[in-house]
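Asker: One structure, as structure tokens, below. Some questions next.
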Amino acid sequence: MGQTVTTPLSLTLDHWKDVERLAHNQSVDVKKRRWVTFCSAEWPTFNVGWPRDGTFNRDLITQVKIKVFSPGPHGHPDQVPYIVTWEALAFDPPPWVKPFVHPKPPPPLLPSAPSLPLEPPLSTPPQSSLYPALTPSLGAKPKPQVLSDSGGPLIDLLTEDPPPYRDPRPPPSDRDGDSGEATPAGEAPDPSPMASRLRGRREPPVADSTTSQAFPLRTGGNGQLQYWPFSSSDLYNWKNNNPSFSEDPGKLTALIESVLITHQPTWDDCQQLLGTLLTGEEKQRVLLEARKAVRGDDGRPTQLPNEVDAAFPLERPDWEYTTQAGRNHLVHYRQLLIAGLQNAGRSPTNLAKVKGITQGPNESPSAFLERLKEAYRRYTPYDPEDPGQETNVSMSFIWQSAPDIGRKLERLEDLRNKTLGDLVREAERIFNKRETPEEREERIRREREEKEERRRTEDEQKEKERDRRRHREMSRLLATVVSGQRQDRQEGERRRSQLDCDQCTYCEEQGHWAKDCPRRPRGPRGPRPQTSLLTLDD
């Protein structure tokens, strides 16, 4: 009684401080609310078998990571820190995670694991389309061209232990049973040395035909970390398959941030990466913004040259990645570089640009919200993920949505207490209930026919009403004429019937007629008196 079921998700929430500390070691930041949302709502929709309560199964984590790192609109750059942190929990579990992690496969007898797979490949190979590993499906795209490694230099890298980054060591031939023995000449090397740039403390995943096992920092036969540089095909593919920093700083910043987090490059790697993906002016702007982000001992930005140069040097520093202090310097350097990329990608404050972002006719509300947030990041100094800016983002989302969606969102009850997530869900519901183009054409045609039928009916009714009115007026006129004639006839008859046969019509006396009436004037008629007209002389 009273017992609760512990799941991987609830376990991470109970040890959230440890999760944040681990994420900080990975040079990323994670938020608890987004952690729960991605684990319980987003990742189960990737159709890779991810449970809503989370899991520490490395295969499932790898499959989710592939989805997150997918290029283009199908990727999820905002979820990179969370899946990377979850992967770190599974590959290097702390004590409170170990009971939930599946037992690791037995380690190989020989340390040359990158050359030969120890067990059959997984049903779905844990590869990421972010990396330029060779895949059969990439041939369908004619542009841009994706280069593959020639394999010549990689054979030398995989058949002998290369020297460390700063401290040359004796060749591997002086050691017995070293892992750097040459591989047989008939065996083909792995496709790309950068397909799996993981930390040296992690065990390599199962090798397959599309995933390279050459790590940037790999433990050699003497237990020392070894350095693997970027390949030219990696840099070429990243440069030619992504827009420039000036054209789309958000997309290129997300790519470089993902590379910095997952590949853990050294100082030289960072300079090579920036020099390839950025122009000279863009690189100088990024470095300047990164140096502005350096903080002093009091936690506030500092301008002291010694502190700035110590944290973000412009010249090659003497940081030994084989030591903990050197790795800490590199982690801090990469964090400052990410901050410099984000700050340099922001344009001058221009709210008109934000207001100009409107939802397209066939654009989903989620995609529109992402574009709106990107405009906030690019053209304003505000962070759209900040809870204090949620009201502004919500109002912009309502006013700049499609007209039909915006009108319905404005009429929502208790709109003031609606969160941005509530508005997006309501907008998605309205968007999904929209009629198709065929339905819209059918509705317009039906409305047009109904309107014509209604107009025709109204015209017929008006014509009938005019006919009835005309008929009533004609009937009234005829009735008036007939009644007038009848009345005149009756009055004439009445007048004639009032005189007697010997009664005078002139004086109305009896005994004579009008021609013999003594009162009637006799004699010829005299001329009528002329009317005199006055003249001007009178």
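Glycine residues also receive a Cβ, built from the backbone N, Cα and C atoms like all the rest.
Found this in Swiss-Prot, in case it helps:
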type	residues	note
COMPBIAS	163-178	compositional bias 'Basic and acidic residues'
COMPBIAS	435-466	compositional bias 'Basic and acidic residues'
COMPBIAS	486-499	compositional bias 'Basic and acidic residues'
LIPID	Gly2	N-myristoyl glycine
REGION	111-222	region 'Disordered'
REGION	435-499	region 'Disordered'
REGION	513-538	region 'Disordered'
MOTIF	111-114	motif 'PTAP/PSAP motif'
MOTIF	130-134	motif 'LYPX(n)L motif'
MOTIF	162-165	motif 'PPXY motif'
ZN_FING	502-519	zinc finger
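Help me understand the surroundings of these features in the structure.
Answerer: Residue counts for the region 'Disordered' (435-499) under DSSP, split into helix (H, G, I), strand (E, B) and coil, are 62 helix, 0 strand, 3 coil.
Looking at the motif 'PTAP/PSAP motif' (111-114) alone, the prediction's average pLDDT is 40.
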Asker: Summarise the zinc finger (502-519) as counts of helix, strand and coil residues per DSSP.
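Answerer: Residue counts for the zinc finger (502-519) by secondary structure: 3 helix, 2 strand, 13 coil.
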